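Chemist: According to TrEMBL, the record shows the following:
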| type | residues | note |
| --- | --- | --- |
| TRANSMEM | 12-34 | transmembrane segment |
| TRANSMEM | 46-66 | transmembrane segment |
| TRANSMEM | 87-107 | transmembrane segment |
| TRANSMEM | 113-133 | transmembrane segment |
| TRANSMEM | 232-254 | transmembrane segment |
| TRANSMEM | 274-294 | transmembrane segment |
| TRANSMEM | 315-341 | transmembrane segment |
Amino acid sequence: MTTNWRELFPTKLTFIIFLLYMSLFIGQGIFVTASQDSNNSYSYNTVTVVLLTEVFKLIVSTCLYCKDKSLRSLVRDVHKDRSVLGLYMVPAFLYCLYNNLAFLNLATFDPTTYYLLLQLRVVVTGILFQIIFKKYLSQRQWISLILLTLGCMLKQVDLNRFYNDANDDSEAVALQGVSSVNATQTNSKANGKNMAGFDLSINAIFILAQTICSCLAGVYNEYLLKDKGADVNIFVQNIFMYMDSIVCNALILLFRGELLDAFSAKNLSSIARFGVMIIIINNAAIGIVTSFFLKYMNSILKTFASALELMFTAVLCYFLFAIPIYMNTALAIAVVSYAIYLYTQSPVVNLGKVRPLSNLSDATSQSKTKEKEDRRKLLDEQIDTDLEMDIV
């Protein structure tokens, strides 16, 4: 059985988008963790950071659109496709929750554990994908998705406890490289971070909420990009998303009574640091790259890209933050890797109404082609009407 690279990545550019998406998400966990204080809290308003990220994404998308078209044309396109603007409020709200929960959960979990727990979204994404796109996954595809989920569950298994049941404590110590079982439990938190995964607390609810938001937002956004809004310029679609996201984050600040204080000189100065600005730039790049990922690939492949981040995140966190890689983490990464390999044998293909992307100019040329087709159709209808009037 050979890997179907052509189905997995239709063009070279889609492969570059895949690598970019993965690299940027690895950076997200590391940058956010690096910006935390010694007690794992934030010295800046995280909701304001998310809001400013959306503003930055809106500016970048507008500039990318105006690179080939005029600002007047943008206003005309936004007005013409204004019905799609309302549809984007759903994924915008879900992404708003997801982005804010990311800061909250990264203050609780180390980056490797955080990404492992987020992989619980894999099966949920598969189910939603079938429901929304009416495309049923094959047996091999489901096996790879289930293996991916099992790999994440391995992170929760305390191998030291099982080893103690069959061997003496000294052998267990040698396996885990710690002084005792109690020391293992104590060391399950590196710098106050939860490395054991789920515990029955509010943290479990937050990571589950973020997982559900990720699944719903990803699949629904893909549906808008490939179906309902397939004929809309991708940068206009992004502008709709970011406009709605700005509204959602502003409402959160208003609800918390922080809307005015969030933009005070003190708060803005705490954000105007390299460690925080790099988060805004990185997250803005994630948002724009994700739109291309979902339009020209699919949300199932996106979950596998997220799983691949685990290996690189675990290694980088070991060197950057001295967060150890335990046996269960290594086994979880191994199972996830095999699931990814299995998936590459029979990947999901879902282009919808979209043609494969070979270069960035295609992203705007497809909408131009649609505009020409609409003009031609309107002209043909007008000619038919004139002929009918002549016959009469």
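In case you wondered, yes, glycine gets a Cβ from its N, Cα and C as well.
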Chemist: How about the transmembrane segment (274-294) and the transmembrane segment (46-66): do they have 3 or more C-beta pairs under 8 A, pairs 6 or more apart in sequence?
Modeler: yes
Chemist: May I ask you to check whether the transmembrane segment (232-254) and the transmembrane segment (87-107) make contact, with contact taken as at least three Cβ pairs under 8 Å and only pairs 6 or more apart in sequence counted?
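Modeler: Stretch pair touches.
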Chemist: Looking at 12-34, 87-107, 113-133, 315-341, which one has the highest count of Cβ pairs under 8 angstroms to the transmembrane segment (46-66)?
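Modeler: Result: 87-107.
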Chemist: Where, among 12-34, 87-107, 113-133, do we find the most CB pairs under 8 A to the transmembrane segment (315-341)?
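Modeler: Comparing 12-34, 87-107, 113-133 against the transmembrane segment (315-341), the winner is 12-34.
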Chemist: So if I exclude everything within five residues of the ends of the transmembrane segment (87-107), which remaining residues of that chain have a CB under 8 angstroms from its CBs? That is, six or more out.
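Modeler: 28-29, 32-33, 36, 40-42, 46-47, 49-50, 53, 114, 203, 206-207, 209-210, 213-214, 216-217, 220-221, 224, 228-229, 237, 240-245, 247-249, 252, 283, 287.
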